[in-house]
Amino acid sequence: MQKLLIILILFCILKFNVDVEGRTAFPCNQSKCQERCKKEIKKGKCILQFISVSASQSCRCY
């Protein structure tokens, strides 16, 4: 039971606090993504990101 609780907590942390290398776990808006990445002199693209068993759109700067 404790292992299940730890896995659930880690899943929630990864799902809601992802902000690594230009990726966020919030729904992606293509124009806002491009604008945000333009500040870093990079191109922005909305990608489908899979976290465990769920999927979400996120912004990726490259």
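Heads up, residue numbers simply count up from 1 along the chain you see.
Even glycines carry a Cβ here, placed using N, Cα and C.
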Cysteine from CYS28, CYS61 that Swiss-Prot links to CYS46 by a disulfide bond: CYS28
Disulphide bridge to CYS61 as given by Swiss-Prot, partner from CYS37, CYS59: CYS37
Fewest Cβ neighbours within 10 Å, where candidates are the disulfide-bonded residues CYS46, CYS59: CYS46
Of CYS28, CYS46, CYS59, TYR62, i.e. the recorded positions, those within 10 Å of CYS37 (disulfide bond) when Cα atoms are compared: CYS59, TYR62
CYS59 (disulfide bond) - helix vs strand vs coil (DSSP): strand
